[in-house]
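Participant: Positions annotated as domain 'Ammonium transporter AmtB-like' by TrEMBL: A:30-333. Among the features that TrEMBL reports, transmembrane segment is placed at A:6-26, A:38-57, A:63-84, A:153-171, A:191-210, A:222-242, A:272-295.
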Amino acid sequence: MRIKLPILAIFLEVVTIVLFGVFVRYDTQNNTLDFQDVHVMIFVGFGFLMTFLKKYGFSSVGINLLIAAFGLQWGTLLQGFWHMHQGEIKVNIKSMINADFSTAALLISFGAVLGKTSPVQMLIMALMEITIFACNEHVVVEILRATDIGASMTIHMFGAYFGLMVARFLYRPGLKIGHVNESSSYHSDLFAMVGTLFLWLFWPSFNSAIAETEGAQHRAIINTYFSLAACVLTVFAFSSLLDPRGKLDMVHIQNATLAGGVAVGSCADLNIAPFGAMLIGSCAGIISVVGFKYLTPFFASVLKIQDTCGVHNLHGLPGLLGGLAGIIAAAVQEAFSVLSPFLPRFFC
Amino acid sequence: MASEYPPSLQSCLSLLVLFLETAFILIFYFFVSYEVPSSLEYFHNYSYSAFQDVNVMVVFGFGFFLTFLKRYRLSSVGFTLLITALGVQWALIVEGFLFYFSSGKVNINLDSILRGTLSITAVHISAGALLGKVNPVQLTCMAMMEVTAFAVDRWIITDILKVESHVSMMHVHIFGAYFGLVVSGWFCPPLLKNKFEKEKSGRLSDLFSMIGTLFLWMFWPTFNSVLLSDDVEKRKAIYNTYYAIAVSAVTAFALSAASNRNGKFDMVHVRTATLAGGVALGFSAGTISHPCVAMTLGLLASTIAVLWSRCVQMHWNPALKIHDTCGVHYTFGLPGLLGGIAHVILAVYNNWDNLSMEGYSILIEVGALSFTVVMALGTGFFAGFLLTCKLWKAPPVSKYFDDQAYWEFPNLAVGF
């Protein structure tokens, strides 16, 4: 690593700087979007969320910083290539937010392979994943024009399933009974809560960051807030319900409480009414806890995928749910504009 | 005694929480809708970032502020999250029905969520007094009762006594502290008179608690200014709180060293008394026009907090049979009272010339303050009585201040 890591990192950075030099210019128009919140989520939120392993805390926060810092530069370029004007990429606050989003997908995949890769491998993965992410996002958002404001599908599902497949190839039969270091300690659990709380608090910003109109932004904030709040309640309930002695499990509290934000993502800006958001959040919490309890062991033993962070339960399944909810919400909204004169009052 | 198992919360906790969530969803379905954003200017003025600051304080700040017990840290953070998520939904419903129930519908916007979040502070403060002695089921019930009681208290103060909405919200510290103290009176078995081994803070747990304190400290200016609508008052509130809380931090260090035999700092004071200035400024932050007045208030608040925790608490608490784990009485209760009294004195001073005209409204302020204290004591007594009910499966005294009663530990976690 003494030779490989510095060479690779410096090479990538030089390439990025050259590409920035050739293509990237500042955009003159300014917009007032909340950029800091998303940035805090990426670096503090995701970074600390993954510190739950008792001997891997430095690497979690450190590699998180490394690949996110590289990923956002690479993401700016790749996303920019799809929107070039006269051979130039214009960057503004919105492209910074979008670049942060692309690193979110990367960090989710990082969660699936946490503890099993070296920083060199992670840099290579960042390079590839963000390239594919940018293409996929372009297809989904620009060509198919899907409604996906908080990116349940393009970020969370994409990141989770990408990570799971990578984890499949990193499978080692020797780890079938688990690794001695693959558990948490009292302090590492508490550090992971720092990440959880930051993610939980700023998720409304994440889902509303790129909303077009202020009305949509306002709705996205409120929907995400209620979805997350409802999710916390069902997570506590199910965590206690599924344990034979009725005790709570820190893994569920750290991860599943965020599923509500993932699931409501794709329809957050639609008029789904607060109770709709709460329903989505509650379902997401239940699915996520059940996934942690039963699906993760199944994946590890049968499908040979060792998902360290449980990203399938936090991002994959709730992302899927969010996709479905988005379809339903869009369909209802469509039907609603046709039928609105005939509907009872509380839908209006 | 040590082999005593705490009762399993499986059915109790999950049923209660699921029932509440279902009820919330149903109530929201029938009664709650978004406010149609009539003017987008409103959304602009009403900044989302201020809401975020308060949210960070309440969830992150209070969650980590309470992690100072060395074996009760997971519960402190976890239950803070639970109570916030639950309490805000309930607060929206209760306040919606009391304050904004127009045409059979409750309209919500960011502003109402913000008010809900602010009133949850009361529950967190009370939970601080009860820290480690009640289980999550009891906490959930207490949160429901306290949110209701505080909403009613605010409704009476603003609608009947016609006190400003901002001032009524700042009663939150006093209400939370005295409510919690009275409830703690019901959970004070004789064993607790001497300090438990588990009821101590360790080096690391103090550090974790400092994370919370720092976040509370940094964002307190937002807390005191967020509800003020006038731009000038808002700015004044930010300046005043900033200086007052800075002074109280310095004072806390000074007095902590002065009151220690070896001249060393005590982490308890650094953690708690630094915040006293912010609490004391709550009422009058927007009206004080000289920084020196605010700074004096900060100095006084911090002094009271340190002296009380140093000299009075150990005689006062056993005498009244209360047990205050986190010291909420001197962190929030007394500085809050000081702030309320200072608010009245400043009002008298400012209106000295036409006291006969303004005297009535000043008297009302005094009345509102004492009403909050009485309301907190009364409802707290009642709530405490209900919480001792066997139905809630309260933990045995030997399992107080212990995470193992509520959390699944992988391999009996290292470093515990």
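Each residue, glycine too, has its Cβ placed from N, Cα and C.
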Participant: Considering only Cβ pairs under 8 Å, which range in A:38-57, A:63-84, A:191-210, A:272-295 makes the most contacts with the transmembrane segment (A:6-26)?
Facilitator: A:63-84
Participant: Look over the recorded stretches A:38-57, A:153-171, A:191-210, A:222-242 and say which has the most C-beta pairs under 8 A to the transmembrane segment (A:272-295).
Facilitator: A:222-242
Participant: Any residues 6+ beyond the ends of the transmembrane segment (A:153-171) with a Cβ under 8 Å from its own?
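Facilitator: Here the qualifying positions are 101-102, 104-113, 116-117, 125, 129, 132-133, 136-137, 140-141, 146, 262, 265-266, 299, 303-308, 311-312, 314-316, 318-320, 322-323, 326.
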